[in-house]
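A.B. asks: Starting off with a structure, shown below.
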Amino acid sequence: STPAITLENPDIKYPLRLIDKEVVNHDTRRFRFALPSPEHILGLPVGQHIYLSARIDGNLVIRPYTPVSSDDDKGFVDLVIKVYFKDTHPKFPAGGKMSQYLESMKIGDTIEFRGPNGLLVYQGKGKFAIRPDKKSSPVIKTVKSVGMIAGGTGITPMLQVIRAIMKDPDDHTVCHLLFANQTEKDILLRPELEELRNEHSARFKLWYTVDRAPEAWDYSQGFVNEEMIRDHLPPPEEEPLVLMCGPPPMIQYACLPNLERVGHPKERCFAF
């Protein structure tokens with residue numbers, strides 16, 4: 001029998017209950033929300049995200065998240081969230097509204113989920129359906145390799161796609177991930193990524209760059225640049241799809257111009 005889908009209608013908000021909260025590190029948490037029954041799945045195609053909405057200080061706040069669980073998981077959905085605490089980022093003294101709200105939630109509290117949302121769906125075996133915009137029908141792109149550039153929390157949609165590819169032994173798509181963070185301790189989901197790399201080294205290539213590198217650091221330092229793209233993403237000759245997710249300035253100033261210099265045409269670049 002097909003499992004019941006939680007997100008039946010993308011226009012309806014579904015309240016889900018917090019059932020577990022795990023401290024991953026100083027500012028990262030894993031939140032587990034119960035689906036309506038133990039037999040339910042979330043119903044989120046690979047490549048799509050959900051929106052959380054909550055009334056915070058009298059205002060409706062809505063933020064996109066990509067779960068780290070999948071439709072293989074019944075009865076729950078997991079989100080890994082970086083909490084932006086107030087008074088820790090000079091530019092954002094108030095911190096992150098939604099992440100601090102999640103941090104303040106108690107077991108048994110509910111929050112509203114809505115989705116699926118997004119312009120890309122991974123259909124398996126190298127096949128991506130991408131809508132140029134909300135009104136268009138999807139264009140199918142089939143590739144042998146995928147380049148991925150993620151910044152900070154932008155890793156979550158990449159992990160979702162990587163996991164979908166790696167879990168199918170008949171999917172021979174090769175993923176090359178370049179993952180940028182401020183410091184080594186900011187690397188979100190590092191254990192999960194390294195486990196995947198160790199299990200699937202032929203199909204999953206992983207490279208980090210950090211703004212501030214520790215003394216003995218085996219990877220790159222600094223912003224994403226042309227050299228990193230040349231060295232750690234598939235070559236343009238393979239006609240890969242290049243996926244990006246991260247802060248808008250990273251995509252606009254670090255990714256797109258350098259991808260173009262290396263020879264990756266805009267038509268094959270997609271930003272989540």
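Every residue, even glycine, has its Cβ placed from backbone N, Cα and C.
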A.B. asks: Among Thr6, Thr142, Thr156, which residue does Swiss-Prot annotate as binding FAD at the site that also has Arg63, Pro64, Tyr65, Val80, Lys82, Tyr84, Lys97, Met98, Ser99?
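C.D. replies: Given Arg63, Pro64, Tyr65, Val80, Lys82, Tyr84, Lys97, Met98, Ser99 bind FAD in Swiss-Prot, the matching entry from Thr6, Thr142, Thr156 is Thr156.
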A.B. asks: Name the one residue among Lys13, Tyr14, Lys21, Lys91 whose Cα is closest in three-dimensional space to that of Lys97 (FAD binding site); these are the modified residues.
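C.D. replies: Closest recorded candidate to Lys97 (FAD binding site) by Cα: Lys91.
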A.B. asks: Using C-alpha positions only, work out which of the binding-site residues Arg63, Tyr65, Lys82 is nearest to Lys21 (N6-acetyllysine).
C.D. replies: Lys82
A.B. asks: Using a 10 Å cut-off, grab the number of neighbouring Cβ atoms around the Cβ of Tyr65 (FAD binding site), all chains included.
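C.D. replies: Cβ-Cβ neighbours of Tyr65 (FAD binding site) within 10 Å number 22.
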A.B. asks: Run through the domain 'FAD-binding FR-type' (11-123) and tell me, per DSSP, how many residues are helix, strand and coil.
C.D. replies: 8 helix, 56 strand, 49 coil
